[in-house]
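S.K.: Grabbed the feature section from Swiss-Prot, which reads as follows:
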- 1-33: transit peptide (TRANSIT)
- 532-553: region 'Disordered' (REGION)
- H595, H599, H602: Zn(2+) binding site (BINDING)
- E596: active site (ACT_SITE)
Amino acid sequence: MRRLQQSLRRRSARRCPFILIPHRLLTTSYASYKPAPQATLEIEDTNSPTFLLKTSPIQLPARATSDDSAIKAHFDLPHSIFGDMVGVRREHVKGLFHYDSLTQPESLMRLTDRTLIQASAIVQRIVVAPQDPTGRELRLVVKNLDRLSDILCGVIDMCELIRNVHPHQDWVNQSDRTHQILCSFMNELNATRGLYESLAKAIAHPFNDPLTTSELRVARIFLTDFERSGIHLPPSVRERFVKHSDALLFLGRSFLSSASSGPSTVPHIEIPDPHRLLTGLGRQFVDSLPRTGRNGQAVIEPGSWEAQMILRYAREGRARELVYVGGMRADKKRISVLEAMLKERAELASVLGKNNWAEVVLVDKMTKTPENVMRFLTSLAQHHQPVARAEVDMLRRMKATALTGNYFDPRNSRTRHLPLFHAWDRDYYSDKYLTSLIPTGSPPSISPYLSTGTVMSGLSRIFSRLYGISFKPAVVSPGEVWHPSVRRLDVVHEEEGLIGVIYCDFFSRIGKSSGAAHYTVRCSRRVDDDDIDGDGLPEDWDKPYGPGLEADKESLSGKPGKYQLPIIALSMDVGTVNEGRPALLNWQELETLFHEMGHAIHSMIGRTEYHNVSGTRCATDFVELPSILMEHFVSSPEVLSTLAFHHATGEPLPIPVIEAHLALNQSLSALETHGQIAMALLDQKYHTLRHGQDSFDSTAIWFQLQQEIGVIQPVPGTAWQMQFGHLYGYGATYYSYLFDRAIAGKIWSTLFHRSGTSQAYDRKAEGILSREGGELLKEKVLKWGGGRDPWEMVGDVIGGVEGDELSKGDERALALVGSWSVV
């Protein structure tokens, strides 16, 4: 699958919003092992004795450093080397994430009670702030709202991680309970008008010490979230808002559940004369299929593995047609749920005084309005449609050759006499085309060159060269991680020292989700000026509950005050580490790891003064930018040649193999990108529905869109939109990944892609991995998190007249982004 689809399928662990809106989601291949000389490697930790690892072969490239060795050992050696886990600190038991308050599942409820008491005190303080005659409390409203957000989200976000990755059900159950209680408390805050009024007064008040630019941005984000929740509405109107919000929550979950489950499994698909129609799949496959009692028709379950194999390998188009239509057939019940959800959103938008749901959602995004999104997507569609059509015509020529036995030159532009190309032809002829690119039928495996440790040490080198940031393997205390296979990395800047912690849950285990996700455990923020005494809680109020999630206060270079450092966790499923054989990544897993590391490094560098704009807490149509840039790095042959080394021999991945894999990965990309553009346009058309449009027909809209901009015509009787699950979680913002890909491509070519610097790959990599480019990206984009207008950040990076135009964030800026190619 292509990277657009891969990234959009990743499970997104979304940031905890302070204002919890009901419709808003909180949101491996193995190769044979060849023994090599034994290595002695060290894992260093400044706070504990050094462990010596005497183990089976670890081979590194000639230029590898001791840090490379330590990182490689950290991920490539089995955890049994240390008994229970890699790098266990021999001291008393700590709690999860080194918090003393999280030593057992039951401690979550004590933490919940403690959090509710502290949060309630801050809420009361904010509500009465306007009554302070000195104005001091009003001046602290933004700071205290941010503290409140940090206290609540710190627990909610952590529980989101625990309930998704912890292997023990007691922890999962308790985290579910805590999550539910605190989210319910947030819903109560939605109705606390005093919070909204105090914030509005603080924004408008003429303080002698005015709110800073950062404070104003944080304040306006809070204000927008409040108003999106209907807090400013009259009581009778707000009752309607709550009613429609509850209905929308139910409909959204119902739609998402059905979309996630795939096509309806009944009725089954029946294929007559299977030995003839299923030619190309092999007799063993055909004989294994269940049969009906009459005429021996093969029975296929829609959406099954067998159905996928038929779409990909069955030579007879009739078999593929039966399977395609059977998997996409219109289901009136599912369609009615989708359309009810969309109509409910339109009505909710009307309650909020907006024309449509897209207006509600986009008000705080880079694009600002649905009209701007449509202009961007229309521009992309116009650019990509001819290229995508050319790729379809190439597949049509392959179909003509297969049907007639006559050779049709793929380079011939004449299409008049070519056969029609149907939706059920795409997988089959795409696979034939990709196979034709490789003389041997399949590319050499790259997995032996991509052990988890090799890749992680390579990422550390990349970040060191770009930002002066590297990874240091860290020992963990008993109880600090949720499974023995979880590795901890301390993130260290060459001048500032420790700047954050990453927990890496990469390896397979029973019951673990196969998706990839970035979880925020703790955001950065300034903590030395919290004024906790002003909350009015009595001395020793927290003794019955034990400690909270207090963090050490750290000084940051060039910033006043002290900060709590960010903690994030990355979850993937890349196989297991065994004695003598590390977990090896395939190409898709490599891309995914780089993508997630883009989010991780954004969290580490974006150490802002305020929690609510820290790291990845930024606009939906901006947050993917750092991760997409990392995809550019991994797709660069120059960079990949410095990253991939055989796990057993230390030999570099041959350049021809790199080039073959990159060429294969980028083939038919215009067709896939155009499909994503069509999906984003459909999302906008659905969410610009106005309240009262009773004639709304989601299938007709999809068919009309395909007639306008599609390159493969839709099939009568099908309703693909039933399976478009992102319509719930990404309603009106599905364009975001395409938008960020356009911006990332421009930044990549501006800062990093220096063509013609040298014929040698390693010297070209020196140019791409330039400190100058990395520092510009860090200083102008990453360090701000969500604390600065993203248009200004992008404009600063691009520079010149074009950068000045972009900084305005107006229609001209959007037109510029729309003119950039999505690569």
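The backbone N, Cα and C atoms fix where each Cβ goes, and this holds for glycine too.
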S.K.: For the region 'Disordered' (532-553), give me same-chain residues lying six or more residues beyond its boundaries with a C-beta closer than 8 angstroms to one of its C-beta atoms, as numbers and ranges.
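M.R.: Counting only partners 6 or more residues beyond its ends, the region 'Disordered' (532-553) has Cβ contacts under 8 Å with 99-101, 107, 110-111, 113-115, 117-118, 121-122, 124-125, 137, 140, 151, 154-155, 158, 522, 562-565.
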S.K.: By a simple count, how many Cβ atoms lie within 10 Å of the Cβ of H602 (Zn(2+) binding site), its own Cβ left out?
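M.R.: Excluding its own Cβ, the number within 10 Å is 28.
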S.K.: Across all chains shown, how many C-beta atoms besides its own are within 10 angstroms of the C-beta of H599 (Zn(2+) binding site)?
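M.R.: H599 (Zn(2+) binding site) is surrounded by 25 other Cβ atoms within 10 Å.
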S.K.: Would you mind splitting the region 'Disordered' (532-553) into helix, strand and coil residue counts from DSSP?
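M.R.: Secondary-structure breakdown of the region 'Disordered' (532-553): 4 helix, 0 strand, 18 coil.
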S.K.: Taking the centroid of the Cβ atoms of H595, H599, H602 as the Zn(2+) site, which other residues of that chain lie with their Cβ within 8 Å of it, listed in sequence order?
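M.R.: In sequence order, the nearby non-listed residues are H518, E596, M597, G598, A600, I601, S603, T616, E624, P626, S627, M630.
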